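Visitor: Below: one structure in structure tokens.
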Amino acid sequence: MRLKIGFILRSLLVVGSFLGLVVLWSSLSSRPDDQSPLSRMREDRDVNNPLPNRGGNGLAPGDDRFKPVVPWPHVEGVEVDLESIRRKNKAKNEQERHAGGDSQRDVMQRQYLTFKPQTFTYRDPVLRPGVLGNFEPKEPEPHGVVGGPGEKAKPLVLGPEYKQAVQASIKEFGFNMVASDMISLDRSVNDLRQEECKYWHYDENLLTSSVVIVFHNEGWSTLMRTVHSVIKRTPRKYLAEIVLIDDFSNKEHLKEKLDEYIKLWNGLVKVFRNERREGLIQARSIGAQKAKLGQVLIYLDAHCEVAVNWYAPLVAPISKDRTICTVPIIDVISGNTYEIIPQGGGDEDGYARGAWDWSMLWKRVPLTSREKRLRKTKTEPYRSPAMAGGLFAIEKDFFFELGLYDPGLQIWGGENFEISYKIWQCGGKLLFVPCSRVGHIYRLEGWQGNPPPLYVGSSPTLKNYVRVVEVWWDEYKDYFYASRPESKALPYGDISELKKFREDHNCKSFKWFMEEIAYDITAHYPLPPRNVEWGEIRGLETAYCIDSMGKTNGGFVELGPCHRMGGNQLFRINEANQLMQYDQCLTKGPDGSKVMITHCNLNEFKEWQYFKSLHRFTHITSGKCLDRSEVLHQVFISTCDSSKMTQKWEMNNIHSV
């Protein structure tokens, strides 16, 4: 009996010692609660971006977050050496991992974007019908000048005595600056939002913003009204700064006068001047570098007016997810009267998605039922494949991680598509925001324009398009070249770094983008058929070519001296028997004779055949031939006559330079 009691006591001592050592080891081991900030950040990242098949314990091979800091103890009386087994199993696991190549976690980690994780906490907006939103003004917006011209965005119509001055201002600036100068810089505007927008409540923990405005030889009042509207309608706690980038202007009112004027805001508004004309695209990248204070970059054109409560709806999605880029609904400010109206088109609520045709012309298409189903209310943000490019908001660090704009893009054109594709294909989102509205003035006919500087060379916009499709469109680029055949041999510079960016960030294919995001583009703009011939259409053995003269949507084409520069004299005839220029088709006019040019899709105006050996264009539906009058410079169809030289044509390829 004494032996049994002794045995029991010794056994209890051994077991007690073992349990004590286990408790001691546990207290010395690394625990989740004791992680360093770096380890906690890594765990947060893994929670937000879970990886599949980590194994039974949920840990990846090589993950040392729960690695013991002391070896397993050897307990007297327990014959199993736990530490040796642990070392043996670890070596076996390491051997199996290396023998089998990279673990699934290693592979998956390489597929993750290298963008910073979300560190900002923000609650979703809440819709409370009937309860005025917390960012809504409590009182009606005050007028800039009570009873003044243009208040509440009502049209200002000038009399005939101003005609000459108005025309001169339109030629110089693109707008009726005579009327603009009569309107208060602080004028009140109309509210074009859906009524529901007034009842959204936003977490006040919004990110702050730097508003970046690029200008070149802008009119004074349109530029300053842009600045005034931002200051007037943006809560001061969120407006970190307004950064003006002067892209080498030579107007006197944009020099010392501007420097003195912005002192009114005690440093809130800053101006930086480029030492040469950089163009809108690169000037915006410069603006991102000059902006130091805001967490978000908001880009506005130099002739805008932000509307009531524009800020919170625009920045809230970015505050929730830093990889979201937002775009306000863009309203139209008349360049003549300064009335503000909604854009035409879109769905029954006026909402549209950004799109393009295959020649890369900007388009707007109605919001789809698929996108509507993703929202609970019609005033929530919705996905868009592309943006127009002039007005958008993006988290500053995210924009830098994307590489800003392609540094090879020059002056203007294509940058809106480049940033849109980059965002979507590399893991971000592009949202249009119905409750954030900004008015924008569009240039009027008669503006002399701002020609690019000499160092840029010819065809900068077309070169931009080529760079974009070569980097982002993959096999779809063939459809661009079918629509813009003159660009096929256009030199577009080095894109190796851009290709490397796509590879390093594991950006998705354009096919994925077309199927998942831009799925409705081909319904509106079907993939173009191959071209049979393309180039100038020259009268055989003459110096005259068919010229659209810039006319569209029903204008008559004419004969003009051949200039070999493409543009209005560049046509293509495709396998669908369409004779086209960009998104316009040639067809017979209402009189059944003269040839006009009008917008078409791929199911319309399939009515031409080109017989190269006969130098003849035949109008299929009428059986007549393409003819011309070199005296009247008219182009028409007439009864085919093989002896008539005016019915003989040749198509000569033209390459842009």
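From the backbone N, Cα and C atoms, a Cβ is placed for every residue, glycine too.
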Visitor: Among H143, H201, H440, which residue does Swiss-Prot annotate as binding Mn(2+) at the site that also has D301, H303?
Guide: H440
Visitor: Which candidate from D247, D259, D397, D406 does Swiss-Prot annotate alongside R277, W412, R443 at the substrate binding site?
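Guide: That substrate site, as Swiss-Prot gives it, pairs R277, W412, R443 with D247.
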Visitor: Could you tell me the maximum Cα-Cα distance in Å between the residues recorded as binding substrate, namely D247, R277, W412, R443, rounded to a whole number?
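Guide: Roughly 20 Å, rounded to the nearest whole number.
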Visitor: Where DSSP helix means H, G or I and strand means E or B, what are the helix, strand and coil counts for the region 'Catalytic subdomain B' (381-443)?
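Guide: Secondary-structure breakdown of the region 'Catalytic subdomain B' (381-443): 17 helix, 20 strand, 26 coil.
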Visitor: List the residues of the same chain that sit at least 6 positions away from C640 (disulfide bond) in sequence and have their Cβ under 8 Å from its Cβ, in sequence order, or write 'none'.
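Guide: Set apart from C640 (disulfide bond) by at least 6 residues yet with Cβ under 8 Å, we have R616, T618, G623, K624, C625, Q647.
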Visitor: Show, in sequence order, which residues other than D301, H303, H440 on the same chain lie with their Cβ within 8 Å of the centre of the Cβ atoms of the Mn(2+) site.
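Guide: Going along the sequence, the neighbours come out as T222, T226, L300, A302, C304, I333, G390, L391, G439, I441, Y442.
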Visitor: Given the recorded positions R277, H440, C545, C562, C600, state which is nearest to C197 (disulfide bond) when distance is taken between Cα atoms.
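Guide: Sorting the recorded positions by distance from C197 (disulfide bond), the top entry is H440.
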Visitor: Determine the Cβ neighbour count for C585 (disulfide bond): the number of other Cβ atoms within 10 Å of its Cβ.
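Guide: The answer is 21 other Cβ atoms.
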